[in-house]
Protein chains: 4
Amino acid sequence: MTTATALTGVIPPVCTPLTPDFEVDTGSLTRLVDHLLDGGVDGLFVLGSSSEVAFLPDGHRAIVLDTVLGHVGGQVPVLAGVIDMTTPRVLEHVRAAVKAGVDGIVATAPFYTRTHPVEIDGHFRTIAGQAGLPLYAYDLPVSVHSKLGADLLLGLAADGVLAGVKDSSGDEAGLREVILGRRERSDIGSFSVLTGSELTVDSALWMGADGVVPGLGNVDPHGYTRLFRSASEGDWEAARTEQERLFRLFGLVRAGGARMGAGSSAMGAFKAALHLRGIIDHPTTALPQIPLDGDETGRVGAYLAAAGLL
Amino acid sequence: MTTATALTGVIPPVCTPLTPDFEVDTGSLTRLVDHLLDGGVDGLFVLGSSSEVAFLPDGHRAIVLDTVLGHVGGQVPVLAGVIDMTTPRVLEHVRAAVKAGVDGIVATAPFYTRTHPVEIDGHFRTIAGQAGLPLYAYDLPVSVHSKLGADLLLGLAADGVLAGVKDSSGDEAGLREVILGRRERSDIGSFSVLTGSELTVDSALWMGADGVVPGLGNVDPHGYTRLFRSASEGDWEAARTEQERLFRLFGLVRAGGARMGAGSSAMGAFKAALHLRGIIDHPTTALPQIPLDGDETGRVGAYLAAAGLL
Amino acid sequence: MTTATALTGVIPPVCTPLTPDFEVDTGSLTRLVDHLLDGGVDGLFVLGSSSEVAFLPDGHRAIVLDTVLGHVGGQVPVLAGVIDMTTPRVLEHVRAAVKAGVDGIVATAPFYTRTHPVEIDGHFRTIAGQAGLPLYAYDLPVSVHSKLGADLLLGLAADGVLAGVKDSSGDEAGLREVILGRRERSDIGSFSVLTGSELTVDSALWMGADGVVPGLGNVDPHGYTRLFRSASEGDWEAARTEQERLFRLFGLVRAGGARMGAGSSAMGAFKAALHLRGIIDHPTTALPQIPLDGDETGRVGAYLAAAGLL
Amino acid sequence: MTTATALTGVIPPVCTPLTPDFEVDTGSLTRLVDHLLDGGVDGLFVLGSSSEVAFLPDGHRAIVLDTVLGHVGGQVPVLAGVIDMTTPRVLEHVRAAVKAGVDGIVATAPFYTRTHPVEIDGHFRTIAGQAGLPLYAYDLPVSVHSKLGADLLLGLAADGVLAGVKDSSGDEAGLREVILGRRERSDIGSFSVLTGSELTVDSALWMGADGVVPGLGNVDPHGYTRLFRSASEGDWEAARTEQERLFRLFGLVRAGGARMGAGSSAMGAFKAALHLRGIIDHPTTALPQIPLDGDETGRVGAYLAAAGLL
């Protein structure tokens, strides 16, 4: 992958398996990578939100980078999240990722601080200037509490700052504005539009998106690659049918109900599913997330069974 | 300061002076500490929001800790912020702060993740269990996007988890609920209620708060200590007059107007004021914040002059 | 239209033309209705947000109902919004609409008050019980500040309370949850899912939505009916091409820029476009909205020209 | 009360008693007015949020105006809320209130629509121009979803548009900005600053506010007038003690817990308290609010008993 070739296809955000004492479980992590590669994915995104990056100390982040890059060995491109509050802290993660040998980096706008579009613009320019690697903007308002506008993204694309965007905003009209703007502006070269909305992948591809970064793709990578291949071949009916099956499967993220945060419930369910499928050794999630109990795990299993995954 | 003695008085969040190439300016930092001590402050809070902690890489955080602790030498207690997204990352900062020899630590609820009161409760319990030092909760919804409720805080106080709270929520009824709850519950020992709302300090103290953590206290520590002493002596008229003077001075935070974020404008103004007063060498703020221009700095100077500080 | 037949197709929210002294311009209103019928629409929705219902006193609402119902004479079903803060006030509008002879009514959740799903449920049940006409829920979080969940909607559908939903939330995953839930639950009879997101109509129909309520359909009803017919005939490429043309046209809503609210700008642009196309006599919008100036109106004209509508 | 004399003191928002079939209970309403006058209040505010104005059809609003104005007979000034979505609808309520003979009117910014400060400014100017009576701005972001800034309010005050503000925002620094701005601007004549934050009345008065509009004042008007009189006489300790007693009493608003909205719970508790105290005949709240059950009403009674009100 270089800046000259836009990233396309299914690039799951790789979960980070943990041991019961909250260390990175590298054995499980390589098995998970094999599971994803076996699923036919087109790339891997480590240290994203579904990787519990917000919960990983720098040492754990380094282990993840080394483990995955060492195991993948260039079979597919590996992107790394450099998630932190502001430019100087993000740059530290960029240095670590570049040194580890990733193929691209993924950064959000600043958060925790009260920011401004001009500052967000400068943030991405500084990061790109120091990374020397394709930079992808990560639009995740539920975590970052600001939205990346189409004008901002397209301006940065035209200046060669951004190689693409992962849009997890759920704002499909905004996604389309970026897709159409990219098509109509002659000053934009290669720019990948990837959706992080795993429940509307068929329609995002239909609008012209290049790929998807689905958290649920950890559990069922084969489903997402089938979806993407069907769409690529113009078999939209098949793509929709696959998406609808995955939509139903996605119900597992609510296993934890109201006794925990939505993040705990979703992460707990993804890991419970991977554990039930025999891919990772422990369903442990990082603190202070609440673990699923037996009933809740049973509910996850029922979703897997209904989707033909058990 | 021990857990047996509640923290009281004026504990400013210490700004972090930077050189023009964005390194920690330790010479300016020690002069700023001297300025604050000369102002009669009762403690120092390093690595808080007004310290640009969100912009400081871990290496810079360590320099700040070492510089300030070395310089203060126990004259007043020094609290340190351990601001990061979740428990495991916060614990790394706790270890660094404990090793550096701080007197207490200040932590927010998890952010970036979607969290839940039960998870926030667990978060503080885990941190307190590992710190072995007084732990203060930092309530800052504008950055953290959740509010710490009185029931949560008082429960943690009763269990000896929290030594106090820094309430920067601006919710004065909520602040009062904590103050009255603390008074009425017999199971709560020492628990400091500090307001971070620098414009309503007289009324917070009137309600029963123990002290204040004012960002503007960098610029005018003498003003805040006069305010606190007046209130302590029961001279509420003098306290109010001082607060009103500081209220007018606070207008400087809007110097940057709408061309930058509110954070850039406020930090830029605090540092411009410290530079104009001759306390720090450079008004540099961390990236991606926008620097104040000449006109904007002039406006800061006018506020200082009007307040009798130039 | 009865409860036995689900509403489908293009049902634009009819703008309310005003005279320069802010009275309902009934002559322009009937011309607008003719324009929409000429465009082949399948129904009309009066007194919706794009009708400036929030700005219309009850007397004006009555004039709109009488004018449109009298003019349409049953050629297509006419739905009426009954937009007000809570159940008792909504019921007054329901009585007026029923008396005027509408074919269905459209109500939001309570707003201005702090509400709760159980109260929203009761709200719709009370309205349906008194209306004796098909009731459509209007999901518009940008105005109402709550979101109608799929479980709530599907439960009300199963109980025969709701005949459908107009989903203007922009939450396409939520829209899909309703569509799939409707399909999978055997206890739900006729239930129309209409999208109010005028920029993603092709994908909403692709997911299984029954129709669209497009504000922009006032300006270009022929475009939206072409889009819907193409999709109905399975010519999704043509539907997408039409949608993309309409997407570009939609840019006119930003004509007013930042000197006014987004509502003023969008309403001003819709009315300027209808005026420029010769359909209504005055581009007047209701107070306190800011009128577009000459330059801004010129920008609207340029969008019309680019879309082949001038 | 004229524009020349600023409104001061305790002006409770008068609850609207209802019969079990949801009609205005005028007998209970006049008894409630007598109860408030007996409590020594300085004015009455009918058709505010605590009057369930959002739930009252226009006919009920008229009955309330006529009943209260007829009964009060000029003993104290009566203000009336004209709560509706936008200027034209508000003007209808203004006409009714003026005709009924009120002494002042109270209006919020537009809601339901997406608005802008310039539009809000025009909104108040239009209302004042047509009312010919003192106009008070009602700042209630929890319902209106925008905040009235100090600059906007003070500009309207200087132009004679506004006679005052009822600030229910809970933003005490913002309240103080208005109070200090009023004092420092020579172009502002009479302008009343009233707090709607019933839990921080002592501190608001301390800052310089002129009075309070306390929902809880329905239940215990004597408490709020004692608080105000103490503050007026400079006995701030007594004012604080009274405020703390009222703070504890306010806990009754949470009687309904999480099974209903916060509005239902608070309104239900106010009315249950008035019913338990023998002032109104029925604790009925308007639809779709959830009524308190027996246990919840018992909890309200316990709060009354603890406050010495039963």
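Using the three backbone atoms N, Cα and C, a Cβ is placed for every residue, glycine included.
As recorded in TrEMBL:
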{"type": "ACT_SITE", "residues": "B:TYR138", "note": "active site, proton donor/acceptor"}
{"type": "ACT_SITE", "residues": "B:LYS166", "note": "active site, schiff-base intermediate with substrate"}
{"type": "BINDING", "residues": "B:VAL213", "note": "pyruvate binding site"}
DSSP three-state assignment for B:VAL213 (pyruvate binding site): coil
Cα separation, B:TYR138 (active site, proton donor/acceptor) to the residue listed as 'pyruvate binding site' (Å, whole number): 11
Nonlocal residues around the residue listed as 'active site, proton donor/acceptor', in sequence order (Cβ under 8 Å, 6 or more apart): B:GLY48, B:GLY81, B:ILE83, B:VAL106, B:ALA107, B:THR108, B:VAL165, B:LYS166, B:SER168
Other CB atoms within 10 A, centred on B:VAL213 (pyruvate binding site): 30
Reduced DSSP assignment, the residue listed as 'active site, schiff-base intermediate with substrate': strand
Protein Cβ atoms within 10 Å of B:LYS166 (active site, schiff-base intermediate with substrate), excluding its own: 27
Where B:TYR138 (active site, proton donor/acceptor) sits in the secondary structure, as DSSP reduces it to three classes: strand
